[in-house]
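Colleague: Just passing along the structure, written as structure tokens.
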Amino acid sequence: MEVPKEQIATLIEHGLYDSAEMLGCFLVSSPTVSAETSPQLKAENLILLGDALFHQREHRRAIHTYKQALHHYTRIPKQSSGISRSSLSLSTRSSVNASSISAINENEVRFKIASSHFALNETKAAIAEMESVKTRSLEMNILMAKLHRNSGYNRGAIAFYKECLRQCPYVLEAVIGLAELGVSAKDIISSFTQTSNRSAKVSLDQIDPTRWLQRYVEAQCCVASHAYKGALELFAELLQRFPNNVHLLTETAKVEAIIGKNDEAIMRFEKVRSIDPYTLTSMDEYAMLLQIKCDYSRLNKLVHDLLSVDHTRAEVFVALSVLWERKDARTALSYAEKSIRVDERHIPGYIMKGNLLLQAKRPEAAAIAFRAAQNLRSDLRSYQGLVHSYLAFGKTKEALYTAREAMNAMPQSAKALKLVGDVHAFTSSGREKAKKFYESGLRLEPGYLGAVLALAELHLMEGRNGDAVSLLERYLKDYADDSLHVKLAQVFAATNMLQDSLSHFQAALRINPQNEAAKKGLDRLEKQMKGIDPDATDENDENDVEDVDGDTEEAELM
């Protein structure tokens, strides 16, 4: 043979895929191997080229090449093939020798075709390819689970995830997948003790003698069922056993962010970065928290660091969107959309897109984004976004239904109760009900300032300014929070107590110099105190429009 195919296998084994692809082109074009007289050799050569393309992520070319190989394989005379039909694919995983070159496996080829379709978001084609594979490896089963889940075939996804755990109980992505699909911890754990051939059982003590894996399953099931307090307790127990575990710290920070423990979540994410400064997982969630705290210097540094690690990841595009929101909403939206194009199952991308569309007064489009996030995995942010989107375009019934759905899913969540209150507060006839829901939220979680601010706003709308002041001053004794000072300043401004208003805007800015509401409120108040109409349009402001190019290179953003 003019081109030794074992050399291509060696190149692939050592990760030299560019060279393997170039050499593969020589191999498949060699006239010494005829498709008519040597279909098996032709198939083997094409598989080698396909493997090089597969590893280069040239998935469309890989699919085409593998299918050519399968076509030639069907032409191999059965009596002279010397191998069974189920063993067509070249194995490059073991040491390269003459026997490994000719030992090929059809199932492996079909798996790679399906994996390429999956990478191209062609789920149906991937499933169709895998259905012809009857005996599946662990990696084949995890792919099938993902494919079925992406297609909405949850029962099939559950079955394949469970099969993964029967083959190996430590496939943690299968544990998370099952938890998110509503499978109980007991049911998941029972899969550990069944072997893949279903003919024997092993004890849980053999698999998980210290029970950490069982606790991990329980924690993920708590997260999926919105039992966040239980999840935090279980993650804390695991962290005592595995301190400085980046994955556990990240999972804990995400739960803390969901329940509004923003300061704790920020500290947790900082610890993650101190242990592993190059991790990208959930760093967009961290960026959102920094934005809430108006900590723009840390946000800017975070985005700069993420870009230097990998500028192609969905998390990085969401973080860029967060950074640009204050400067240019259009550019921010384009980055949120890029994150979804990179990974169409990346929930923070949809949340960010929904928030930006809502701010741009496009509630119908925002609702679509929040619904997409909700379909992937329901959490409080998608519920909140949907409710506020529905209210913004007058769909009060839909808003109330969604808020109640959140309350039923999270009965111990003060935020969910507040969400129902927000819908009732939208109409004058529902304000008394809103008050009851806000107060119920505060009984459930006395330190939940979101309910305090909503209740104060309700008092203000009803003309009970004194009640609003009393409520806010009472909470300020225990919580030195800038948002409480801003709301109190707004109440005083509404009652023309301008000096008191000034003092609380200033107090808010002392706590958080980046608080945008305090800055705008103070500017407006100072105009009032000077006798200038704060609503008058400044001609200079009208002309001061910056033209920002939405396609600015990431490297220039800092």
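In case you wondered, yes, glycine gets a Cβ from its N, Cα and C as well.
Predicted, not measured: the structure shown is a model, and the values here were computed from it.
Pulled the feature table from Swiss-Prot, pasting it below:
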- 43-76: repeat 'TPR 1' (REPEAT)
- 138-171: repeat 'TPR 2' (REPEAT)
- 212-245: repeat 'TPR 3' (REPEAT)
- 246-279: repeat 'TPR 4' (REPEAT)
- 314-346: repeat 'TPR 5' (REPEAT)
- 348-380: repeat 'TPR 6' (REPEAT)
- 381-413: repeat 'TPR 7' (REPEAT)
- 414-448: repeat 'TPR 8' (REPEAT)
- 450-482: repeat 'TPR 9' (REPEAT)
- 483-515: repeat 'TPR 10' (REPEAT)
- 519-533: compositional bias 'Basic and acidic residues' (COMPBIAS)
- 519-558: region 'Disordered' (REGION)
- 535-558: compositional bias 'Acidic residues' (COMPBIAS)
Colleague: Which one of these stretches, 138-171, 212-245, 246-279, has the most C-beta pairs shorter than 8 Å to the repeat 'TPR 7' (381-413)?
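Modeller: Per the Cβ count, the answer is 212-245.
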Colleague: Would you kindly list the residues that approach the repeat 'TPR 6' (348-380) from elsewhere in its chain, counting only those six or more residues past its ends and only Cβ-Cβ distances under 8 Å?
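Modeller: Contacts of the repeat 'TPR 6' (348-380) (Cβ under 8 Å, skipping residues fewer than 6 from its ends): 180, 226, 258, 284-285, 288, 314-315, 317-318, 321-322, 325, 329, 332-333, 336-337, 339-340, 386, 388-390, 392-393, 406, 409-410, 413, 415-416.
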Colleague: Per DSSP, what is the helix/strand/coil residue tally across the repeat 'TPR 4' (246-279)?
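Modeller: Secondary-structure breakdown of the repeat 'TPR 4' (246-279): 27 helix, 0 strand, 7 coil.
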